[in-house]
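Participant: Got a structure here, written out as structure tokens. Questions coming.
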Amino acid sequence: MTLTDLTLIEWVVYITLAVLSLAIGAAFTRVLRGPSLPDRVVALDLVAYLAMGFLGAYAVLSNQETYIDAALVLGLLAFLGTVAVARYIERVESNEPQEEL
């Protein structure tokens with residue numbers, strides 16, 4: 001298959017995959033360099049949702065529905081992970097002594 005054999009949909013999906021790959025790389029950089037734990041959690045959430053988009057675009061390209069199922073599972077796990085980390089952060093902050101004004 002050469003570049004001239006691609007349909008318009010395939011061109012769009014390949015461009016989408018490239019842009020999503022760059023966005024995942026940038027978001028993962030924020031996960032590694034985030035100044036605080038909540039920033040890292042939000043960035044990791046973004047990575048998961050961008051990966052969902054990547055899986056969805058790849059499902060269109062490969063014409064396989066299995067990738068859509070994987071994207072849905074990834075979204076559910078990302079949501080549950082975010083809720084769990086938010087509860088953890090809340091508990092850690094509630095155990096710290098608070099200053100009186």
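Cβ coordinates come from backbone N, Cα and C, glycine included.
The feature transmembrane segment is assigned by TrEMBL to 12-29, 41-61, 67-89.
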Participant: Which residues, given as numbers and ranges, are at least 6 beyond the ends of the transmembrane segment (41-61) yet have a Cβ under 8 Å from it?
Facilitator: 9-10, 13-14, 16-17, 20-21, 23-24, 27-28, 30-31, 34, 67-68, 70-72, 74-75, 77-78, 81-82, 85-86, 89
Participant: What same-chain residues lie close to the transmembrane segment (67-89): Cβ under 8 Å, and 6 or more beyond its ends?
Facilitator: 37-38, 41, 44-45, 48-49, 51-53, 55-56, 58-59
